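Report on the following structure.
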Amino acid sequence: RCCLHHHHKPRYAPHRRKGEKKYSCEECGKDFTRRETLKTHQFIHTGERPFSCEQCGKSFTDSKNLRQHQRIHTGVKPYSCGQCGRAFTQRSHLWNHQVTHSGIKAYSCDFCGKTFSLLGSRNRHLRIHTGEDAHHCDQCGKTFARHGQLQKHERLHSGVKKHLCDQCEMSFITASGLKMHKRVHTGEKPYKCRHCEKSFSHPGSRNKHERTHVEGNYSCDQCDKSFKNLGSYSQHKHSHAVNKLFHCYQCAKAFTSLSALFKHQHDHEGLKSSSSLDQNESAETQRSFSGCRIKLENL
């Protein structure tokens, strides 16, 4: 028995069934405590989506997911952050956001030392190093963990700025850039320093300012150096990294990310254009991109 008390029978009955998963899916064998949850789950197998949005036609298996989706059209964001005022359409998004205010970054990258507040963010970042499902920019070689990030980055090369400010006619590549710019006109500064009364219109400015309150807070465990911000500390950790996976066959240099190797390859291209190639250079090396080949060692 547990210590919970319920004054209403409808709430008591589901609680008693907690732990008893007596409703099973005939398709996959998954068990559920409630018949309603099983019914919703079965839509995955049948492909049925009975709940449709009247505005855009998108359909869902659950009425709760439909309600959350409809907030995109209505603009309703009922979940607000008590520290910076930022609002969200879903409670789970608010919880993820609040972790960023705590300053706790419990998940670190084994390759470069970069730390993250959320496990999902760390796992997406790891793809940059492993090359798994990584998305590469054809123009500059930069690598991204998500296709959406690559698309956003590619707009920098295209120069297309389709988001126009209605007050000063400045244009921006992304909607988030326009939103940030509009704070110049409104004077809105939603990002408050956790150490003093200062506030900022951009989270990056707030984070940079907060570092001034902390001196030498990040110490390297391999040498005696200390740093006052995480960015400098992470960069320094690169110098100690032994698991550099991407190797250049022309000069034997190694790098922790594919994008860093691509940048390095451009240096070789510059050297080749300014000096004549060795006549005895092997055909295999000539065929390789910029005289370099990528070697991915076993993790």
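From the backbone N, Cα and C atoms, a Cβ is placed for every residue, glycine too.
The domain 'C2H2-type' annotation in TrEMBL covers 23-50 (among others).
Within its own chain, the domain 'C2H2-type' (51-78) is flanked in space by residues 40, 43-44, 87-90, which lie at least six positions past its ends and keep a Cβ under 8 Å from the stretch. According to TrEMBL, the feature domain 'C2H2-type' maps to 51-78 (among others).
Positions annotated as domain 'C2H2-type' by TrEMBL: 79-106 (among others). Listed as Cβ neighbours of the domain 'C2H2-type' (79-106) (distance under 8 Å, sequence separation of 6 or more from its ends, same chain) are residues 68, 71-72, 115-118, 190-192, 194, 230.
The domain 'C2H2-type' annotation in TrEMBL covers 107-134 (among others). Predicted-model confidence for the domain 'C2H2-type' (107-134) is 81, expressed as mean pLDDT.
In the domain 'C2H2-type' (135-162), the DSSP tally of helix, strand and coil residues is 12 helix, 4 strand, 12 coil. The domain 'C2H2-type' annotation in TrEMBL covers 135-162 (among others).
Away from its own ends, the domain 'C2H2-type' (163-190) comes close to residues 84-86, 152, 155-156, 199-202 of its chain (Cβ-Cβ under 8 Å, at least six residues beyond either end). Here TrEMBL flags 163-190 (among others) as domain 'C2H2-type'.
Per TrEMBL, domain 'C2H2-type' is recorded for 191-213 (among others).
Taken from TrEMBL, the feature domain 'C2H2-type' applies to 218-245 (among others).
If you look up TrEMBL, you'll see 246-273 (among others) marked as domain 'C2H2-type'.
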